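Remarks on the structure that follows.
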Amino acid sequence: MFCVIEVFLYFFTFSSDFCVPQIKCLHLHLHHSLNINSLLCVIAECVAKTGMIMILLVGEVTSKATVDLQAVVRNTIRDIGYDDSSKGFDYKTCNVLLTLEPQIDEEDIDAGDQGLMFGYATDETEECMPLTLLLAHKLNYRTRELSQSGECPWILPDAKSQVTVEYRDNHGAMEPLRVHTVVISVQHSEDIVLEDIRLQLMEKVVKVVPPQYLDQGTIYHLLPSEKFLWGGPRGDAGLTGRKIIVDTYGGWGGHGGGAFSGKDYSKVDRSGAYAARWVAKSLVKAGLCRRVLVQVRLNIEI
């Protein structure tokens, strides 16, 4: 008697890179923290680009809280790291345009929209998130940490990372075997040479990848463009909703198409996706499954 065992190997890649939604999220959180005993509705959008060097915050807000939005925007830009015009953007001198109005008053506090949401969870990491996404985020966080601590002052605010992992499909569960490729690009000052950039990225950033996933065959592309002087709003326009996959599962599972940033709980794009994720993670943590995708459909007044 013969037993045939099929082994399926997959390569999956995820790339992490985004900044602009932080402004809208901080705006929303401040309204939540200050808006006591009142109905809060916040749906806001944000766009950033140089040229005129402006940030435009638009949307609908119903809140009893008083929030200094100019300060929120400028402080967020500063905290991201754009504190000098030499970096291509400066929180002190950029134009901030605000156009917010009260949201349409509705009696019911039900789901204010209809849509399709997904929640995904996997047992490949403690956080029940895909390893590709987790590692890419950790690489970006590490570059920010090195920049803000002053350990690597040549690192400027913009950074991108990409991780490809080789997986084995074990009856539907995805088991990471090794990291196949690591790509890191960081905006940098002009006073450092390429060799030093690559050496420091390898020694100080790549180390966040658990060593058991790295081997002699792992490929490293560290600043493959060889130069990255202009980034952030000067390099590319930033707009709400352009990074919806970065906000979720990095291409794993599914996505209903709606962005999260700047929306309160009345928008099911966000609250429905959060609820679906909670269900998915609970199923995995309870040991009922190793990997799961939860799909939710919500409709107004149904």
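Backbone N, Cα and C atoms are what each Cβ position is placed from, and that goes for glycine too.
Listed in TrEMBL:
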- 40-103: domain 'S-adenosylmethionine synthetase N-terminal' (DOMAIN)
- 109-228: domain 'S-adenosylmethionine synthetase central' (DOMAIN)
- 231-300: domain 'S-adenosylmethionine synthetase C-terminal' (DOMAIN)
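When averaged over the domain 'S-adenosylmethionine synthetase central' (109-228), pLDDT in the model lands at 93. Sorting the domain 'S-adenosylmethionine synthetase central' (109-228) by DSSP state (H, G, I as helix; E, B as strand; all else coil) yields 37 helix, 44 strand, 39 coil.
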